[in-house]
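Trainee: Taken from Swiss-Prot, the feature signal peptide applies to 1-24, supported by experimental evidence. Residues annotated as pyrrolidone carboxylic acid in Swiss-Prot, with experimental evidence given as evidence: Gln25. Annotation comment: Swiss-Prot describes 32-147 as domain 'SCP'. As annotated by Swiss-Prot, disulfide bond applies to Cys68-Cys136, Cys109-Cys115, Cys131-Cys145.
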Amino acid sequence: MGLFNISLLLTCLMVLAIFHSCEAQNSPQDYLAVHNDARAQVGVGPMSWDANLASRAQNYANSRAGDCNLIHSGAGENLAKGGGDFTGRAAVQLWVSERPSYNYATNQCVGGKKCRHYTQVVWRNSVRLGCGRARCNNGWWFISCNYDPVGNWIGQRPY
């Protein structure tokens, strides 16, 4: 095999490895793993993937690709956007990172910080999940996860 063919083969393998590593961070299992890890930490059972919710989330993400604005659709959802290689796993980790801002005793976000993405992730009654990811016109990624049943009811604790 000539040097050119070996170089071409190595380049193809590297591209496939990069593609696989990016896609591996956006599979249903990746979204579920981060959700279910966070839920297990507070004694809440795991979620399961719902293809219908995923389809709705993907359609909504696609519809936001023009402006990439985090405008809620009205469904029970968490939204995120990010540049570079922003993945579904990274979006869920971003929501889970709000945990220190949630005070269970008062059922409030502390210090004026955000925590309601986190409370939706661990909402006990939300047992089905579907997520979508779309590339925005500005090059960023828009990620939407839908939950069923909807959580984050004002005045109720997530677990």
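Positions of Cβ are set from backbone N, Cα and C atoms, glycine also.
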Trainee: At a 10 Å cut-off from the C-beta of Cys131 (disulfide bond), count the other C-beta atoms across all protein chains.
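Mentor: Excluding its own Cβ, Cys131 (disulfide bond) sees 28 Cβ atoms within 10 Å.
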Trainee: What whole-number Å value do you get for the CA-CA distance of Cys109 (disulfide bond) and Cys68 (disulfide bond)?
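Mentor: That separation, Cα to Cα, works out to 26 Å.
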Trainee: Quick one: DSSP breakdown of the domain 'SCP' (32-147) into helix, strand and coil?
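Mentor: In the domain 'SCP' (32-147), the DSSP-based counts are 41 helix, 27 strand, 48 coil.
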Trainee: By CA distance, which of the recorded positions (Gln25, Cys68, Cys115) lies nearest to Cys131 (disulfide bond)?
Mentor: Gln25
Trainee: When you tally the Cβ atoms that lie within 10 Å of each candidate's Cβ, which of the disulfide-bonded residues (Cys68, Cys109, Cys115, Cys136, Cys145) has the highest tally?
Mentor: Cys145
Trainee: Looking only at Cβ atoms, how many others are within 10 Å of the one on Gln25 (pyrrolidone carboxylic acid)?
Mentor: 17
Trainee: Spatially speaking, which of the disulfide-bonded residues Cys68, Cys115, Cys136, Cys145 is closest to Gln25 (pyrrolidone carboxylic acid)? Use C-alpha to C-alpha, please.
Mentor: Cys145
Trainee: Sorry to bug you, but what's the C-alpha spacing from Cys145 (disulfide bond) to Cys68 (disulfide bond), rounded to the closest Å?
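Mentor: With distance taken Cα to Cα, Cys145 (disulfide bond) is 15 Å from Cys68 (disulfide bond).
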Trainee: Rounded to a whole number, how many Å is the Cα of Cys145 (disulfide bond) away from the Cα of Cys115 (disulfide bond)?
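Mentor: Cα-Cα, rounded: 16 Å.
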